Amino acid sequence: MNIIIVKDYEEMSRKAAHLFVAQILNKPNSVLGLATGSTPMGLYKELIRFFNEGMISFQSATAFNLDEYVGLEKEHPQSYWRFMQENFFTKVDLPVERQFIPSGVAEDIAAESYNYDKNITSKGGIDLQVLGIGRNGHIGFNEPDLKFEARTHVVKLDEQTIEDNARFFDDISMVPTLAISMGVKTIMQSRSIILLASGKEKGEAIKKMLSGNITPELPASVLQLHPSVTAIIDLAAASMLDIEALKDLYQISMPS
Ligand SMILES: O=P(O)(O)OC[C@H]1O[C@](O)(CO)[C@@H](O)[C@@H]1O
C-alpha cells in the first residue's frame, strides 16, 4: 500500500482527482467504482472542474457505485442514487446507461445483488475504485465481522453507522437499517483502489487499518492484501499513526 499523507481535505480531494484524471486519460473507457458520503464530495467537485475545463471526458467511462440503502426509492433525498445525481452524474458527460447503482427497492434484492456483481464482471471489472472508511472501519457498507468472501449482498447496518449517518436524516429512526453493498470480495477484485480519509474521527479506523493485523473486525484492514492501493489521508485522520514504525511496512509520503 502506498500512503500519501496530505495537509487537509482539499489536498486529499485534489490528489485523488489527479489519480482519477490519470486513469481516464490512460483508459477513457475505464470502469470506475464510486462512493458516497462526505468524504468523496471534494473529489467529485475537482473532477467536475477538470471536466468543465475540458481536460477530461467521461463519455466512454462506466461507473458502479458501492452501495445503496434498502427501502429508499431513487428520488428519496437521502438515497445514494440521488446523491450521485446531485454531486456528480448530472454535471459530467458519463452516459446515463453506464451509471450503475444497486437498487434498494428491487423486489428480489438477492437477485439484484447477484446481477449487480455479474454486471461488473461483464463490463470487465472495476479499474479504479474509490473508498471512504467508516469510523468502525467499514468499506462500502461492509460492517465489522462480515466475511471477506462476500460479493454484492444485503447488510445489516451497525448501530455506529446508523448513528453516523443520522446527520443526513430528520431523525435517527428514519435511517434505513439495511443496505445493499458491493462485498469485500467485489471490492478486492478492483484493479486499483484509492482509499480516502479525512478528519480526526477517522483516526482510530486508519490506525487499525494499517496496524498489520488483517481481520474482518476491521474490514478495511483487508486492503493490506491488495496489490494496488493508494491511501490518501489528511493530517487529522493520520494523527494516531506512528509514521516511523509504519515506514517498515508501507511506502509513505508526507505533506510538502
Ligand atoms: O465519508 P463519510 O460520510 O464519513 O462516510 C464513510 C463511509 O460510509 C459510507 O457512507 C457507507 O458506504 C461510505 O459511503 C463512506 O465511505
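In case you wondered, yes, glycine gets a Cβ from its N, Cα and C as well.
Because the structure is a prediction, the values reported are computed rather than measured.
What TrEMBL lists as domain 'Glucosamine/galactosamine-6-phosphate isomerase' is 11-224. Marked as active site, proton acceptor by TrEMBL: ASP67, HIS138. For ASN136, GLU143, the entry in TrEMBL reads active site, for ring-opening step.
Features as recorded by TrEMBL, highlighted on the structure.
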residue : record                             : Cβ contacts under 8 Å, 6 or more apart
ASP67   : active site, proton acceptor       : THR36, TYR80, PRO102, GLY140, PHE141, ALA179, ILE180, SER181, MET182
ASN136  : active site, for ring-opening step : GLU143, PRO144, ASP158, GLN160, THR161, ALA205, LEU218
HIS138  : active site, proton acceptor       : PRO144, ASP158, THR161, PRO219, ALA220
> What does DSSP say about ASP67 (active site, proton acceptor): helix, strand or coil?
Replying inline: strand
> Got a sec? Which of ASP67, ASN136, GLU143, the active-site residues, have CB under 6 Å of any ligand 1 atom?
Replying inline: ASP67
>> For a quick check of packing: other C-beta atoms within 10 Å of the C-beta of GLU143 (active site, for ring-opening step), how many?
In response: 22
